[in-house]
Amino acid sequence: MTKDEEYGTKDYTDPPPAPLVDFEEITKWSLYRAVIAEFVATMLFLYVTVATVIGYKHQSDPNVNPADAACSGVGILGIAWAFGGMIFILVYCTAGISGGHINPAVTFGLFLARKVSLVRAILYILAQCLGAICGCGLVKGFQRAYYVRYGGGANSLSSGYSKGTGVAAEIIGTFVLVYTVFSATDPKLNARDSHVPVLAPLPIGFAVFMVHLATIPITGTGINPARSLGAAVVYNHETTWHDHWIFWVGPFAGAAFACIYHQYVLRMSAGKGHGSSYRA
């Protein structure tokens with residue numbers, strides 16, 4: 001009896017790496033259906049989460065609720081739950097169509113690991129950014145007065161923190177997220193435990209939740225360049241652009257580190273170059 005048979009594991013084969021440019025893929029409706037799914041999912045993600053941020057700031061405004069402002073609203077914990085919960089829901093809903101990236105940093109990390117082609121990665125990132133802008137636009141359209149008054153849910157470096165600290169927070173936070181994505185969708189785990197694909201959205205959502213608890217006081221938590229861009233574009237205040245680069249450099253660097261760590265350290269697949277497939 002082999003070790004795999006003893007522990008009840010199944011044989012598995014890592015999927016081949018995605019081609020850099022797949023011309024056949026470009027002609028398939030499934031690609032564009034996935035792009036649409038990424039657009040809609042990111043739009044819904046930004047609408048719910050930014051609306052939660054704006055609502056909390058309004059409810060906890062001393063000028064609106066002077067008697068009990070400090071204890072009003074959902075609080076930072078509620079905001080973290082909104083972000084983590086929405087990722088859990090949307091990854092669950094779109095994983096079978098687009099892979100449920102909903103984040104350019106996740107797409108970038110999976111592209112580096114050769115899980116998606118360059119064309120798919122570019123289209124996903126464009127759809128995610130446009131979806132984020134539309135989601136924030138919906139919030140502004142429904143809550144215009146509050147949106148402008150409370151900063152549009154835009155990310156910014158909090159006072160008292162250096163730019164280096166902000167970049168480090170974004171790198172580590174995105175590393176946690178993308179590392180979780182790789183681990184939760186590893187084909188070896190899927191082969192061993194058939195329930196893993198169903199549960200994959202749960203640890204991904206929890207990763208987003210936990211990272212928000214740690215980094216909201218520092219940067220407002222980006223770890224998603226589309227989220228940061230959408231809020232910055234729609235709010236479009238000079239201060240939101242001062243340190244905006246942090247919310248691109250940090251997440252992309254964190255995604256790259258997570259890819260290297262999981263693919264070439266944990267799975268030791270430098271020679272094979274294969275790993276989990278996180279798309280339909």
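Placed from the backbone N, Cα and C atoms, the Cβ positions cover glycine too.
In TrEMBL, annotation is done automatically, which means it is predicted and not curated.
What TrEMBL annotates here:
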TRANSMEM  35-56  transmembrane segment
TRANSMEM  76-97  transmembrane segment
TRANSMEM  118-141  transmembrane segment
TRANSMEM  161-184  transmembrane segment
TRANSMEM  196-218  transmembrane segment
TRANSMEM  245-266  transmembrane segment
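Most Cβ pairs within less than 8 Å of the transmembrane segment (245-266), among stretches 35-56, 76-97, 118-141, 161-184, 196-218, belong to 161-184.
Among residues of the same chain six or more beyond the transmembrane segment (35-56), those with a C-beta under 8 A of the stretch's C-beta atoms are 73-75, 78-79, 82-83, 86-87, 90, 93-94, 97-98, 100-102, 123-124, 127-132, 134-136, 138-139, 142-143, 146-147, 150, 152-153, 226-227, 230-231. The stretch in closest packing with the transmembrane segment (196-218), judged by the count of Cβ pairs under 8 Å and taken from 76-97, 118-141, 161-184, is 76-97.
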